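*Asks:* Pulled these features from TrEMBL for this protein:
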- 1-221: domain 'Major facilitator superfamily (MFS) profile' (DOMAIN)
- 34-54: transmembrane segment (TRANSMEM)
- 74-93: transmembrane segment (TRANSMEM)
- 105-124: transmembrane segment (TRANSMEM)
- 130-154: transmembrane segment (TRANSMEM)
- 166-185: transmembrane segment (TRANSMEM)
- 197-219: transmembrane segment (TRANSMEM)
Amino acid sequence: CVFTLIIRGKAKSDSAQAEKQTQTVTEDEKRAPLFSGLLCSVYFLYFCTCYGYYLIVTWLPSYLQTERGFDGGAIGLASALVAVVGVPGALFFSHLSDKFRNSKVKVILGLEIVAAAMLAFTVLSPNTTMLMVSLTLYGLLGKMAVDPILISFVSEQASAKSLGRAFSLFNFFGMSSAVVAPTLTGFISDVTGSKEISFVISACLVVTGTLIFAVVTLYKKKATQRIASA
């Protein structure tokens, strides 16, 4: 009897483990491949997001000095402001994303749209006060805030077998903007004599990346609903 109970217990344990492994494989198969439309839209969105950030980091001091008349101390304060307010923004919105996991896409879209508006308003601000407000809001709601949410989104969507490569591509697109943004801005500045158009371009890029991401996620959501109802 004892041997019978042991054998039955082992059989149940093996059956439960096999069922768990099958469920894990099934869930992994449902995730997006490395170059799926959804992940590619995230890669491009991150490029656009980082483009605006690295534009701010590299060319904001020069813009403030040559086109806004800021002096040394004010330039340092304005430039540091973006990074300082970015830390609490990142902590708050990552917590918000974890708390409302089903609304992660909405949080990303909202942050990106506001960040694009603040990038454009940086050059459209009529006075110094409004300029500082736009820079503060960009630091609070821009790249630093959306970074952890995008990383979490990639980890949820990418297959476990390709997760490392997915993050490598994600970082590649982000860091490539660190090369493109300063170089292109310098070229535009030499040609036009102003850096204002570069800020507008960065805002347009963020809007474009956000719209593509929104369309792809909406399409996937509808496709998933059709499959579930079939």
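Glycine too: its Cβ is placed from the backbone N, Cα and C atoms.
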*Asks:* Which stretch, 34-54, 74-93, 166-185, 197-219, tops the Cβ pairs under 8 Å count with the transmembrane segment (130-154)?
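*Replies:* The stretch with the most contacts is 74-93.
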*Asks:* For the transmembrane segment (166-185), name the stretch out of 34-54, 74-93, 105-124, 197-219 with the most CB-CB pairs under 8 Å.
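*Replies:* Highest pair count goes to 34-54.
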*Asks:* Cβ pairs under 8 Å with the transmembrane segment (34-54): which stretch of 74-93, 105-124, 197-219 has the most?
*Replies:* 197-219
*Asks:* Restricting to the same chain and to residues at least six past its boundaries, which positions have a Cβ under 8 Å from a Cβ of the transmembrane segment (105-124)?
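*Replies:* Counting only partners 6 or more residues beyond its ends, the transmembrane segment (105-124) has Cβ contacts under 8 Å with 45, 49, 52, 55-56, 93, 96-97, 130-131, 134-135, 137-138, 141-143, 145-146, 149-150, 153, 196, 199-200, 202-204, 206-207, 209-210, 213-214, 217.
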*Asks:* Using a Cβ-Cβ cut-off of under 8 Å, list the residues of the same chain that are 6+ residues beyond the ends of the transmembrane segment (74-93) and lie near it.
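*Replies:* For the transmembrane segment (74-93), the nonlocal Cβ contacts are 56-57, 60-61, 64-65, 107, 111, 131-132, 135-136, 138-149.
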